[in-house]
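For 26-95, the entry in Swiss-Prot reads domain 'BTB', with the evidence type sequence analysis. Annotated domain 'BACK' per Swiss-Prot: 128-223, in sequence order. What Swiss-Prot records for 305-352 is repeat 'Kelch 1'. The feature repeat 'Kelch 2' is assigned by Swiss-Prot to 353-399. Annotation comment: Swiss-Prot describes 401-463 as repeat 'Kelch 3'.
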Amino acid sequence: MDIDDIKHNRRVVSNISSLLDNDILCDVIITIGDGEEIKAHKTILAAGSKYFRTLFTTPMIIRDLVTRVNLQMFDKDAVKNIVQYLYNRHISSMNVIDVLKCADYLLIDDLVTDCESYVKDYTNHDTCIYIYHRLYEMSHIPIVKYVKRMVMRNIPTLITTDAFKNAVFEILLDIISTNDGEYVYREGYKVTILLKWLDYNYITEEQLLCILSCIDIQNLDKKSRLLLYSNTTINMYSSCVKFLLDNKQNRNIIPRQLCLVYHDTNYNISNPCILVYNINTMEYNTIYTIHNNIINYSSAVVDNEIIIAGGYNFNNISLNKVYKINIEHRTCVELPPMIKNRCHFSLAVIDDMIYAIGGQNGTIVERSVECYTMGDDTWKMLPDMPDAISSYGMCVFDQYIYIIGGRTEHVKYIPVQHMNEIVDINEHSSDKVIRYDTVNNIWEKLPNLCSGTIRPSVVSHKDDIYVVCDIKDDEINGFKTCIFRYNTKDNYKGWELITTIDSKLTVLHTILHDDAITILHWYESCMIQDKFNIDTYKWTNICYQRSNSYIVHDTLPIY
């Protein structure tokens, strides 16, 4: 006699289910929730759960006619769903995370796998930190590791979300203390994550000490140390303040200095060189040369490693390659290339993110913006600038990237020997000032400068932005170096001209050093170092000496 297997299976399931529904031969009572009870059959539960199988076959339990099991620590609807699942009934996916937790406890492997698959399909950028919040204690199951990796990869944007603001301390600790080589954050960015969380959460003294111990305080950059010292929550706890003071900054690893990215005009090729310049001793030496001839690239510092991107050479009018140079070990590796070819542009760095903005792409001036998070495989595009611009001034202040002046039309190839020569700054120059909000991904227009300027130097100090630029003066048939100041707390006040002096050169390199603007420039093979005190408005000539054949392209602060 042939029997329809499907019909037979359905009949068996129906018969077993009717025993459950009618409370026939039930020999186990499960207590859930606020004392509610579920009756079931040991044989059915043991067949689907290793936990129940082990429990019901122990010598002390096996003699019981009716066994009681307490599962009140789990969501009662999740327990009901699991019992239905063990009786081969359809269950709801509404509380899949609660079901996953209970199924993992009861060692129901098939159900755990099904729940993991559902959670993986549901997990994305917007939900990952919420799901990790619910599952972080279950680090032994694969889906939790998957969700954690997604959180770690997207933390630069997640720290602004409500899910992060509401995260428990254990998640914060997990993020900052991770030893996963792919997602270990630089020390300064750990401070950013911690302070953002502290803005919305209470933390005990013991917890805060635990977090601080995960940060290499000695090798923090100056800005991050000041942020820790000035934080209200940290200053509430004397032991935390003492911990910071006892771990004074280690100045011996990387001395206070500048890295100058320069070219040597004694050679026809244009290989970028990294030269370390000590501001205090005014001594310098070359530490690395990139074995690619490029000029008019952009450079930046990320966690005391130098990034060089884009530029052009004799064969290519623009490039998209990106290099990372380790200063301490004097090594160079190639990072993922930018999406767009760029030259005459700038790199902005906020935490672990690098922003490539505008610039020139062949004969086109770009409006495009792209960003790269250290450790990622690719760059991604961001909202365009309001106008296409290259050869502008740039600085980072809080969450904003400020763009000042620049050139609105493309410029032809300039030999490296002429990079520091005076250019006609009235030719297609811009007086516009804009800033990019990296949190909300929007561009904002600010008050314009009084005149167009190309390649101005920009630095920030306290709440002010300073622009050092050369303005053409027809009365003297030459140029004047002007310093403008803009207060970021008063967007309507505009730019204030605070000083002017005669200048011989339009290419200036500035750095804020000891509450003064230090200006480095090169003229006729001489290096000139001037200092402007922003409190007294006084100029001081520090150095005037031979600089061999160096043409400096950029200055990068190293602390």
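In case you wondered, yes, glycine gets a Cβ from its N, Cα and C as well.
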Can you count helix, strand and coil residues in the domain 'BTB' (26-95) using DSSP?
29 helix, 14 strand, 27 coil
Using DSSP, how many residues in the repeat 'Kelch 2' (353-399) fall into helix, strand and coil?
0 helix, 23 strand, 24 coil
If you average per-residue pLDDT over the repeat 'Kelch 2' (353-399), what number do you get?
90
